[in-house]
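J.: So that we are looking at the same thing, I have put the structure below in structure tokens.
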């Protein structure tokens, strides 16, 4: 037993990927003993999974090695010559830990859900497996399967536990994401079947594969469309505000904290790592789109009267910094993009959670109808204010460090002319000025003023122990990363250097 748990040959990643789905399937077979049993069972599964993941990464992962580690490689389907290939490196370890942390807190946030709670929590665990599988896949077809695995759970969570327009939002979500998956599948099959008698979908082999530039550009565009929907990148972002506006806030935490990050991860893992020449051609366009996205979303957000839609547009704006970091082709730029993935995962999930528990009390979603809530719910007011400051990149918060590192990435980039860098930096600075406008005005409309809120007085109780614990749990890593960003940057720096040195600086 000791040898099993101290060796790297043990299929750790396979267990980590399969366990939530397997445990969730067992939950469906359990006799119905009340909602509380289902909740505690799901929370225990998520906590155990997070502790197992942390143990494996702490004791079996070498942080100074940019190569793939903890690799599992099994023949899965003999007839199709299909392999189960998993592995992690510095690019995926942070996103997997983020997935475990946010999913655990989202299951705790879903405590008030009582209708069909067994199905609800099973879908959350199914999403958990699909998301970790996407971040750890080392086979393109397995990546596609894991990518698709979380679509149906999100659709059902939206359509069954959403708001008044839940069916419209769920249909729009599935049309956008399933439609974009067609491009992903075509790209996967095209890359796998190109140029060899024996098709291969192994990441390690495809990393050294070269393509005619025209074909590489076609592959790149297909993958870009797929990942642009999930990230999202304008103009393929319109599903996001509607989805966030109608979803239960625990689902919003998973969407903002993890789902959007899968698109950004795909851009780096596939577009940047497997198709470097096409990426070097498209990266100026990514810079332009990212800059436009920051300004567009930051300008559109103040016009949103729905609280969760305003937060959703702030997410679209922050994703612009991530796109610019990926397009800069520098160590600081790419490291800043990865840091932004982690940072916004925490901040976005926290804001949607606080918006959700505020709705639980006042039953209002439109900012025009709110006001004067600070006196009634001072703890929620305090946490919302602090996390709004984190969203607008206040120093000592993770968002400030991520955006600052992206700025350094642009300034130090050798690919762009000085005037181009000045214009992009100037426009990004305007976006950072617009961010406090919509963020602070949101807090002012909710918590300040003298407007009387019409509603039963019994609903005006402040944050309870569960909600306070959850808010502080998300706030601590935001402050921790803001004070000591090397905690995250050290995970990815060697892998980022490896990507850039192998493909762009040859």
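These residue numbers are counts, starting from 1, taken along the chain as shown.
A Cβ is built for glycine as well, from the same backbone N, Cα and C atoms used for every other residue.
Whatever TrEMBL says is automated annotation, not expert-curated.
The feature domain 'NADH:quinone oxidoreductase/Mrp antiporter transmembrane' is assigned by TrEMBL to 137-427. The transmembrane segment annotation in TrEMBL covers 12-30, 37-62, 82-107, 141-161, 173-197, 217-240, 252-272, 278-299, 311-330, 336-359, 416-438, 468-485 (among others).
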J.: When you check the transmembrane segment (82-107) against the transmembrane segment (217-240), do you get at least 3 Cβ pairs under 8 Å, counting only pairs 6 or more apart in sequence?
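T.: Taking Cβ pairs at least 6 residues apart, the transmembrane segment (217-240) and the transmembrane segment (82-107) are not in contact, as fewer than 3 fall under 8 Å.
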J.: May I ask whether the transmembrane segment (416-438) has at least three C-beta pairs under 8 Å with the transmembrane segment (311-330), counting pairs 6 or more apart in sequence?
T.: yes
J.: With the transmembrane segment (252-272) as the reference, find which of 12-30, 278-299, 336-359, 468-485 contributes the most Cβ pairs under 8 Å.
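T.: If we count Cβ pairs closer than 8 Å to the transmembrane segment (252-272), 336-359 scores highest.
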J.: By Cβ distance under 8 Å, which residues at least 6 away from the ends of the transmembrane segment (217-240) in the same chain are close to it?
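T.: For the transmembrane segment (217-240), the list is 169, 172-173, 175-177, 179-181, 183-184, 186-187, 190-191, 211, 255, 259-260, 262-264, 266-267, 270-271, 275, 278-279, 281-282, 289-290, 292-293, 296-297, 312, 315-316, 319, 322-323.
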J.: Short question: most Cβ pairs under 8 Å with the transmembrane segment (278-299), which of 37-62, 173-197, 336-359, 416-438, 468-485?
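T.: Per the Cβ under 8 Å count, 416-438.
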J.: Take the C-beta pairs under 8 A between the transmembrane segment (468-485) and each of 37-62, 173-197, 336-359, 416-438. Which stretch has the highest count?
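T.: Answer is 336-359, with the largest number of Cβ pairs below 8 Å.
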